[in-house]
Amino acid sequence: MKDQPIGMFDSGVGGLSTLRDLRALLPHEDIIYYADTGNCPYGGRSHEEIVALSERITYILLERGVKLIVVACNTATLHAVDYLREHFSISFVGMEPGIKPAIAQTKTGVVGVMATQATVAGERFQRLIARYAGDVQVVPQACPGLVELIEAGELQSETTRDAVARYVAPLLKAGADTIVLGCTHYPFLRSLIADVAGPNVALLDTGAAVARQTQRLLAAADLLNPQTSQGSIEWLTSGDPAHFAKIRQCLEIE
């Protein structure tokens with residue numbers, strides 16, 4: 001089983017930011033990445049829809065013999081990972097907004113969270129805030145439209161800049177000195193968000209932490225791939241493969 005691939009999925013290209021972190025830490029692992037671009041974005045979908053889509057993709061990855069699945073999507077994690085863990089015996093690594101580390105480092109006592117509508121509205125997200133916030137004010141900001149702009153490859157357009165400015169403004173007004181990028185798509189806008197937010201605001205995402213957790217789980221199960229050559233990546237998508245390849249190129253993902 002050591003030479004079996006790691007499975008990853010996201011609503012689209014957002015999980016590629018996590019794949020980048022995973023490749024940096026585990027370069028010898030083979031990966032199968034499923035982009036559900038035919039159903040993207042997940043942010044406006046119901047809990048039931050997100051669970052059903054996540055379950056369908058899990059079956060697809062299991063048919064290809066993966067040894068672990070990374071749910072490289074905050075929205076799918078918050079809505080579906082509990083269900084997946086209950087119904088499948090394989091290990092899942094999920095994405096959750098980095099609320100805990102953000103709360104630990106804020107100086108102003110205000111943390112902003114940029115996320116999809118479905119993430120912000122989710123019960124698990126509210127539980128995270130209740131569990132870790134304490135005296136810190138956590139300000140959620142739903143960002144409809146950002147995922148679609150990234151999926152279209154508009155990383156530096158005026159439309160994207162205007163959208164980022166619109167979503168960051170309430171967080172700055174509230175006094176946030178730390179902003180959590182609570183969607184795997186958003187790290188691809190890190191430079192733009194940093195430019196809008198200014199030098200005194202820290203940006204956090206959890207891609208590197210997810211890569212480390214994946215490494216820990218594989219090591220504990222003695223499933224780390226012993227090969228010394230660079231691992232392969234197989235790309236799967238429910239949408240247009242040519243467009244998916246074009247966006248990968250735009251995002252500088254092999």
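For all residues, glycine too, the Cβ spot is worked out from N, Cα and C.
Swiss-Prot annotations:
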ACT_SITE  CYS73  active site, proton donor/acceptor
ACT_SITE  CYS183  active site, proton donor/acceptor
BINDING   ASP10, SER11, TYR42, GLY43, ASN74, THR75, THR184, HIS185  substrate binding site
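DSSP assigns ASP10 (substrate binding site) to a strand segment in the three-state reduction. Sitting within 8 Å of the Cβ centre of ASP10, SER11, TYR42, GLY43, ASN74, THR75, THR184, HIS185, and not among those site residues for substrate, are the Cβ atoms of GLY12, GLY14, GLY15, CYS40, PRO41, CYS73, ALA76, THR116, THR119, VAL147, CYS183. The Cβ of THR75 (substrate binding site) lies under 8 Å from the Cβ of SER11, TYR42, GLY43, ILE50, ALA115, THR116, ALA118, THR119, GLY122, CYS183, each of which sits 6+ residues away along the same chain.
Around ASN74 (substrate binding site), the same-chain residues at least 6 positions away in sequence with a Cβ under 8 Å from its Cβ are MET95, GLU96, PRO97, ALA115, THR116, THR119, GLY182, CYS183, THR184. Within the same chain, the residues at least 6 positions away from ASP10 (substrate binding site) whose Cβ sits under 8 Å from its Cβ are LEU16, THR18, TYR33, TYR34, ALA35, ASP36, ALA72, CYS73, ALA76, THR184, listed in sequence order.
For THR184 (substrate binding site), the Cβ neighbour count at a 10 Å cut-off comes to 31, with all displayed protein chains included. Annotation for HIS185 (substrate binding site): spatial neighbours GLY12, VAL13, GLY14, SER17, LEU146, VAL147, ILE150, GLU151, criterion Cβ-Cβ under 8 Å with sequence separation of six or more. Annotation note: ASN74 (substrate binding site) sits in a helical segment as assigned by DSSP. Look at THR184 (substrate binding site): DSSP puts it in coil.
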